[in-house]
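Colleague: Checked TrEMBL, it gives:
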TRANSMEM  52-69  transmembrane segment
TRANSMEM  89-106  transmembrane segment
TRANSMEM  127-144  transmembrane segment
TRANSMEM  150-170  transmembrane segment
TRANSMEM  221-243  transmembrane segment
TRANSMEM  255-279  transmembrane segment
TRANSMEM  291-309  transmembrane segment
TRANSMEM  321-339  transmembrane segment
TRANSMEM  345-366  transmembrane segment
């Protein structure tokens, strides 16, 4: 597996023909964030590789995730009569989240500034974004937690899936239309989350206990914003963009089955994980919520990355992601009682396996495309011809 090539010859040929096509119509992005990013990008030296900016921003989100895992391992720290997360941690998490968002906004500008734009850069950026969805959703959960004034771990599980499906919806659009319509919800959510972290450091988590309006709590606002954005903005705009492509006869896939193929693996992942939750002998989501979210988010990221490769190379999406099979096997073992009292161990084992498999896939794809385009992933210097 060490030298396994994940990108086929057909896909490599597709990458050679790839042209970036995206539409960003979000007023917040156009009139506020882009002018800000245009200023920030001038700070970076011309020798700095865009992928290094992308990866640095991603690592900040990973750091936030594990920092909050240390301070709030079971999501009870924000509950009354519990030891709360220190205010200085909220400040740090808020600043780092905004820095990560900023770096994600300037990496493409740095690529154009240094004339180093490549299909690998876009794939690297969006591939890490697919994994980042889980990190920032689970991290922000600690502001409310699962206490009497928070939301249950199952509600957060559903909210996580709303965010994940919102992400893959934009790449489903591009798979079918050839154009990436950047979702409005991303910019709004990142600015809001960063502000919430800073406000929490000032007023404390106790401020979120109080009703926002009448008996409408802040946790309800949090839930309503995620559902509302998905149902009233993300989904309608995606369907509208798809319909416009259909009316103009520019769809890349005309059969319903081929058009909907990218959703097969994510839907199966959702079904399998939800079956596990409802039939778990040890209430696995209640006992290991953070680990379960991590497993779901990582498996989803692998599915998304493979879709992005197919979408960018104009090749057919794979019907089934192979990581679904070890997941299904673990669920079968757990639900049939073959290994009683080993459910938590099996979750750890599965999560480790999926994580290593996803990292191996990512490193393999980046290495293969770097060699194909004769570039270094984290440097603007060309590889030696020796």
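Note: Cβ is positioned from N, Cα and C throughout, glycine not excepted.
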Colleague: So are the transmembrane segment (291-309) and the transmembrane segment (127-144) touching or not, going by 3+ C-beta pairs under 8 A with a sequence gap of 6 or more?
Modeller: yes
Colleague: Give the nonlocal contacts of the transmembrane segment (321-339) in its own chain as ranges (CB under 8 Å, at least six residues past its ends).
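Modeller: The answer is 265, 268-269, 272-273, 275-276, 279-281, 284, 299, 302-303, 306, 346-347, 349-350, 353-354, 357-358.
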Colleague: Should anything in the same chain at least six residues away from the transmembrane segment (52-69) have a Cβ under 8 Å from its Cβ atoms, list it; otherwise answer none.
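Modeller: That would be 44, 85, 89, 92-93, 96-97, 99-104, 106-107, 110, 121, 124-125, 128, 131-132, 135-136, 138-139, 142, 290, 378-379.
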Colleague: For the transmembrane segment (255-279), find every same-chain residue at least 6 residues outside the stretch whose CB is under 8 Å from a CB in it, and list them.
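Modeller: Non-local partners: 154, 157, 161, 164-165, 168, 171-172, 175-176, 285, 292, 296, 299-300, 303, 307, 316-321, 324, 327-328, 331, 334-335.
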Colleague: Below 8 angstroms Cβ to Cβ, which residues of this chain, lying six or more residues outside the transmembrane segment (221-243), approach it?
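Modeller: Distant Cβ neighbours of the transmembrane segment (221-243) are 144, 151, 155, 159, 162-163, 165-166, 169-170, 172-173, 176-177, 179, 181, 183-185, 188-189, 192, 212, 251.
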